[in-house]
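*Asks:* Structure provided below as structure tokens; questions to follow.
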Amino acid sequence: MQDVKNTADLEPYAPMIDPFERVINYLRVSVTDRCDFRCTYCMAEHMTFLPRKDLLSLEELDRLCSTFIAKGVKKLRLTGGEPLMRKNIMHLIRELSRHLASGALEELTLTTNGSQLSRFARELKECGVQRINVSIDTLDHDKFQQITRWGKLEQVLNGINAALEAGLHVKLNTVALKNFNEFEIPSMLQWAHARGMDMTLIETMPLGEIDIDRTDQYLPLSKVRQNLQSEFTLTPLNYRTGGPARYYKIAETGGKLGFITPLTHNFCESCNRVRITCTGTLFMCLGQEDAADLREPLRASESNALLSRTIDEAISRKPKGHDFIIDRRDQRPALPRHMSMTGG
Ligand code: SAM
Ligand code: SF4
């Protein structure tokens, strides 16, 4: 990768503030749409992925992230697809860590399926990554294979252990799925908290065509919370991680449990984030189609001024909120793109 440290990436820019006075300081970047798993709620088994030439190069991803950091992004999350499947991803992470060292960036983190963590955990820690999210929906070997289609639970558990040993704080992300892990959630919670890992439960979101009926998978977290309350004492916390989760303290385990409920609760009023796909498309809201192409302005000029103006123009269109609905009569996804494109 060429030396990008001398580009105009840290020219001072005005902070990004949207029409509803929300300060944008959290950027999620999908570094690849590819993945070594095929989780049933996320992808069809036979996905068509983008041609590699359409992806931003690692240098372009660096320039884009650096421009956002210069515009006030304090927290940067790499996601995907599976971020650790992108070739030479550690090179990008190492380059981006210069913004941690300079203090411009407060947190560099990633969301991963954990399959490659045994290889990369230690290096991530060396690059200044402190916390990661690992997605895991069950601790049962057969069910794990059923939900991920291609995944191996053992590999992910080894990855989680490697991350903990490297000193990374691990939070588990678990998608709540009807007739799948509904009754396993209490034991997963105990397992996670006993190892010092917090956990966040996610409701399924209607993103992208998949092979199965989403209404069969949809499990409202209000119901999960009710079930958990028969076994645990949940106390609401003010704690926020910059994401949309609402956290509770579990008295019996001492750990935290978060709920991300895009369908039953609107978390948009405090939305501080935007997302970029691996082709450089900026989505101002996970639940809306409006987007801005940043690849063209990025490639049009060596200076970042045009890119910065394009970002400002896009932020001025950030919508107030989303309108996801999973409707039995209308089986189409609310949005045609998959979560693996915008990274969740
Ligand atoms: N591959 C990485 C992983 O699985 O953690 C990062 C990308 S994945 C798209 C990010 C998160 O989105 C995961 O926690 C996954 O469970 C979640 N996710 C994917 N599709 C979803 C959907 N339709 N509804 C809710 N969550 C979804
Ligand atoms: Fe891959 Fe993550 Fe989607 Fe599963 S949820 S298929 S691990 S991108």
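Note: Cβ is positioned from N, Cα and C throughout, glycine not excepted.
What TrEMBL says about a protein is an automatic prediction, not a curated fact.
Values in this document were obtained by computation on a predicted structure and should not be read as measured data.
Pasting the feature list from TrEMBL:
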- 19-237: domain 'Radical SAM core' (DOMAIN)
- Arg28, Arg77, Thr111, Lys171, Arg273, Val274, Arg275: GTP binding site (BINDING)
- Cys35, Cys39, Cys42: [4Fe-4S] cluster 1 binding site (BINDING)
- Tyr41, Gly81, Ser135, Met205: S-adenosyl-L-methionine binding site (BINDING)
- Cys268, Cys271, Cys285: [4Fe-4S] cluster 2 binding site (BINDING)
*Asks:* With an 8 Å cut-off on Cβ-Cβ distance and a minimum sequence separation of at least 6, pull the same-chain contacts of Val274 (GTP binding site), or say none.
*Replies:* Ile24, Tyr26, Leu27, Arg28, Leu282, Phe283, Met284, Ala314, Ile315, Lys318
*Asks:* For the binding-site residues listed here, Thr111, Ser135, which shows the highest count of neighbouring CB atoms within 10 A?
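*Replies:* Max Cβ neighbours within 10 Å, all protein chains included: Ser135.
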*Asks:* With Met205 (S-adenosyl-L-methionine binding site) as the reference Cα, tell me which of the binding-site residues Cys268, Cys271, Arg273 is the closest one.
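*Replies:* Checking each of Cys268, Cys271, Arg273 against Met205 (S-adenosyl-L-methionine binding site), the shortest Cα distance is to Cys268.
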*Asks:* Looking at the binding-site residues listed here (Cys39, Cys42, Arg77, Gly81, Thr111), whose Cα lies nearest to that of Cys271 ([4Fe-4S] cluster 2 binding site)?
*Replies:* Arg77
*Asks:* Looking only at C-alpha atoms, tell me how far Ser135 (S-adenosyl-L-methionine binding site) is from Cys35 ([4Fe-4S] cluster 1 binding site), rounded to the nearest Å.
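*Replies:* Approximately 13 Å lies between the Cα of Ser135 (S-adenosyl-L-methionine binding site) and that of Cys35 ([4Fe-4S] cluster 1 binding site).
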*Asks:* Using the alpha carbons only, what distance in Å do you get between Cys39 ([4Fe-4S] cluster 1 binding site) and Gly81 (S-adenosyl-L-methionine binding site) once rounded?
*Replies:* 11
*Asks:* Averaged over the whole of the domain 'Radical SAM core' (19-237), what is the pLDDT?
*Replies:* 95
*Asks:* Between Cys285 ([4Fe-4S] cluster 2 binding site) and Cys35 ([4Fe-4S] cluster 1 binding site), find the distance joining the two CA atoms and give it rounded to the nearest Å.
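*Replies:* Distance between the two Cα atoms comes out at 23 Å.
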*Asks:* List the binding-site residues Cys35, Cys39, Cys42, Gly81, Cys271 whose Cβ sits under 6 Å from any atom of ligand 2, in sequence order.
*Replies:* Cys35, Cys39, Cys42, Gly81
*Asks:* Please name which of the binding-site residues listed here, Cys35, Tyr41, Gly81, is nearest in space to Thr111 (GTP binding site), Cα against Cα.
*Replies:* Gly81
*Asks:* Of Tyr41, Cys42, Lys171, Met205, Arg275, the binding-site residues listed, which put a C-beta under 6 Å from ligand 1? Please answer none if none do.
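*Replies:* Within range of ligand 1: Tyr41, Cys42, Met205.
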*Asks:* Using a 10 Å radius around its CB, how many other CB atoms surround Lys171 (GTP binding site)?
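*Replies:* Its Cβ has 21 other Cβ atoms within 10 Å.
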*Asks:* Any idea which of the binding-site residues Cys39, Met205 has the thinnest Cβ neighbourhood at 10 Å?
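*Replies:* Looking at the binding-site residues Cys39, Met205, the Cβ with the fewest others within 10 Å is that of Cys39.
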*Asks:* Listed GTP-binding residues Arg28, Arg77, Thr111, Lys171, Arg273, Val274, Arg275 - what's their greatest C-alpha to C-alpha distance in Å?
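*Replies:* So the binding residues stretch over 21 Å, Cα to Cα.
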